[in-house]
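**Q** Please read through the structure below; I'll follow up with questions.
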Amino acid sequence: MIAITGATGQLGHYVIESLMKTVPASQIVAIVRNPAKAQALAAQGITVRQADYGDEAALTSALQGVEKLLLISSSEVGQRAPQHRNVINAAKAAGVKFIAYTSLLHADTSPLGLADEHIETEKMLADSGIVYTLLRNGWYSENYLASAPAALEHGVFIGAAGDGKIASATRADYAAAAARVISEAGHEGKVYELAGDSAWTLTQLAAELTKQSGKQVTYQNLSEADFAAALKSVGLPDGLADMLADSDVGASKGGLFDDSKTLSKLIGHPTTTLAESVSHLFNVNN
């Protein structure tokens, strides 16, 4: 049995979609916080079990009979370390033999503040005695494209990444890699630095938005403090705004760049380009 935490989340549902191509539904366990959101998974024959990252006992119960676990990092930045400890402890108690974990690109040397909890989780895995693999994911293209509608409306894309190169890929690309690692043999003990095949700057993103929309969009680089303040002014929670601003500054220092093409090698095809992602965005919104 293969289990996925956060199975109905933004990455998790793509992982299950990819897994279903090669693994029978009867061998997949979706661990979810809210089973009501997993009715479609249950209808496909997938086992749905309820457990919250904060409830070690429920996680231990949910992991009974599971051999392999994909630990998708919690969405609660600042609470990730204790929550991941719960999952790892539960996996150990339930007899899970292998864990794949979605970490952060070059976590051990990353300038991003986000790296701290990932490094802590990686150490927990090393100390757990369970065989594991690290999926050090780079940035999701969707992270930046979420700001595209506002940029098109105002003609300005704001950020604090300077000329930093961002080797992003889509969630579906990263999910395909996770599905392969969790379902195939031979990946145990590996550390995969995963990122898109081609890197781009926010100036290039603005140019691509201009090209495909016909509306002029320029990139305006802000200081970390000013970018965080701008995000808060449109309603983002303080913690999220500060994290995004810190990540942009990290990108300016090379924190979101990698040119190894490990991701495309792992999934067997090129990663989704920026132009393709922008095109998809417009098709969905139209």
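Backbone N, Cα and C atoms are what each Cβ position is placed from, and that goes for glycine too.
Okay, these came from Swiss-Prot:
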BINDING   6-11, Arg33, 73-75, 138-143, Arg171  NADP(+) binding site
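Tell me what's around each of these sites.
**A** In three-state terms derived from DSSP, Asn143 (NADP(+) binding site) belongs to a helical segment.
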**Q** Which one of these binding-site residues has the most other Cβ atoms within 10 Å of its own Cβ: Gly6, Gly9?
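**A** Result of the Cβ crowding comparison: Gly6.
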**Q** Output, ordered by sequence, the same-chain residues six or more apart from Arg33 (NADP(+) binding site) with a CB under 8 Å from its CB, or 'none'.
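**A** Listed in sequence order: Thr8, Gln50, Ala51, Asp52, Tyr53.
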**Q** Show which residues of the chain containing Asn143 (NADP(+) binding site), separated from it by at least 6 in sequence, have their CB under 8 Å from its CB.
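**A** Result: Ser168.
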